[in-house]
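Worksheet: one structure, shown below.
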Ligand SMILES: Nc1ncnc2c1ncn2[C@@H]1O[C@H](COP(=O)(O)OS(=O)(=O)O)[C@@H](OP(=O)(O)O)[C@H]1O
Ligand SMILES: Nc1ncnc2c1ncn2[C@@H]1O[C@H](COP(=O)(O)OP(=O)(O)O)[C@@H](O)[C@H]1O
């Protein structure tokens, strides 16, 4: 087994402050969480668009996309790798797999924020402990205030009625196991920095504007001149 002390951190000449100065902005992580279908991807995408129009350097990590690559399921990895490899590193939706999914994303988000990027993430991330761990990593590698949790609080009934991918229907029919909100838990954030109520008529643009206002209020971006 590898001894952790055999792996030594290498300091780099260009630090976060220099990268942020070049970009003229502060790196941060805006973490969207909520049920499947609550609007995470839509609102994060709209916010990404608004920030880019502002000239900010951003990146958007979306659960559906990341699960095609970095956090692919065993079935996808099997096409290119051995059965043993796919089973060992592929991720599904059991609690431990979700924990590893969020650990990997948290680590990537920390790297992106340290490169000075405003990093938007859209993952169900149903477990409080997993999200809190990411917060700790981001705030330890950066500073308190670098992590903003955005709870997209759309009622399950609304998400299920939307069902854009037909997943709720399959989950109700028992064709998908461990489906968040149906056969798996969602632990709501008790104190999110931004609490977006969904399903009450607010448009994605209005919801994104709410997050943008929080970013200005917290000094992550400067108000429009
Ligand atoms: N069992 C189960 N539970 C929840 N979601 C499921 C499941 N199976 C597939 N999907 C689809 O995968 C997307 C969620 O992936 P995430 O990486 O965000 O999930 S998690 O953070 O690890 O919980 C999620 O995407 P969104 O609908 O965009 O949230 C679903 O499309
Ligand atoms: N504020 C909103 N009002 C009405 N419909 C919305 C809103 N936000 C998202 N939607 C719709 O809800 C569905 C699910 O949104 P999506 O962003 O894919 O959710 P998630 O990423 O949380 O699964 C999509 O069809 C989207 O167009």
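Numbers here mean position along the shown chain, with the first residue as 1.
Glycine residues also receive a Cβ, built from the backbone N, Cα and C atoms like all the rest.
Quick caveat, the model's predicted, so the values are computed rather than measured.
Among the features that TrEMBL reports, active site, phosphoserine intermediate is placed at 125. Within 10 Å of the C-beta of residue 125 (active site, phosphoserine intermediate) we count 27 further C-beta atoms, all protein chains included.
Other C-beta atoms found within 10 angstroms of the C-beta of residue 36 (ATP binding site) number 25, with every protein chain shown included. According to TrEMBL, the feature ATP binding site maps to 34, 35, 36, 37, 38, 39, 40, 41.
Annotation comment: TrEMBL describes 26-197 as domain 'APS kinase'.
Here TrEMBL flags 108-127 as transmembrane segment.
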Under an 8 Å Cβ to Cβ limit, what residues of the same chain, 6 or more beyond the ends of the transmembrane segment (108-127), are close to it? 16, 19-20, 22-23, 25-36, 40-41, 44, 47-48, 51, 56-63, 66, 70, 95, 98-99, 101-102, 134, 137-138, 141-142, 146, 180, 184-187, 215, 220-221
Recorded positions whose CB lies under 6 angstroms from ligand 1, from 35, 36, 125: 36, 125
Using a Cβ cut-off of under 6 Å to any atom of ligand 2, determine which of the recorded positions 35, 37, 125 qualify. 37
